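Here's what TrEMBL has on this protein:
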type     : residues                 : note
DOMAIN   : 2-138                    : domain 'Nucleoside diphosphate kinase-like'
BINDING  : 10, 58, 86, 92, 103, 113 : ATP binding site
ACT_SITE : 116                      : active site, pros-phosphohistidine intermediate
Ligand code: ATP
Ligand code: MG
């Protein structure tokens, strides 16, 4: 059964001009782009998105980074979308990411790692709803 997941092309990748190349990787891997937009978020909007990490030592730095420039939030659909996107992204730290993954190709560091992908069904649902209204997904 087809499944939806949520992704973000992060500010580092947008700044470096990697947006189209990353979208091409995503489409080549069989994902359908259901929704996409370009926007900049405030620090407090980034804090709301990443609230699960609020106790982590990198929370302040992460939310400053995520609000440092334009991002592209995406809703993607395919069979097994959540797990398959995580596989396509590669490890959080690009130094550990497998050859051929998006983070191996485009990420600069463990923080500025080019792309976000939901890690479970419940987080995908929350994250899609954080950035998109129902009418944008019909
Ligand atoms: P994402 O949730 O963005 O898809 P992830 O699930 O691979 O990434 P998480 O552990 O959820 O990784 O961390 C969220 C984000 O926080 C990472 O993508 C990265 O940008 C940042 N981050 C994670 N660990 C560190 C760290 N040790 N130092 C700095 N930033 C970090
Ligand atoms: Mg995560």
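Using N, Cα and C of the backbone, Cβ positions are placed for all residues, glycine too.
Known features from TrEMBL, placed on the structure.
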residue : record                                          : Cβ neighbours (10 Å)
10      : ATP binding site                                : 24
58      : ATP binding site                                : 12
86      : ATP binding site                                : 16
92      : ATP binding site                                : 13
103     : ATP binding site                                : 23
113     : ATP binding site                                : 23
116     : active site, pros-phosphohistidine intermediate : 20
Inquiry  = For the ATP binding site, please report the maximum Cα-Cα distance among 10, 58, 86, 92, 103, 113 in Å.
reply    = 21
Task = Between the Cα atoms of the residue listed as 'active site, pros-phosphohistidine intermediate' and residue 10 (ATP binding site), find the distance and write it as a whole number of Å.
result = 7
Task = Would you mind splitting the domain 'Nucleoside diphosphate kinase-like' (2-138) into helix, strand and coil residue counts from DSSP?
result = 64 helix, 26 strand, 47 coil
Ask   = Do you know which of the recorded positions 10, 86, 92, 103, 116 end up with C-beta under 6 Å from ligand 1?
value = 92, 116
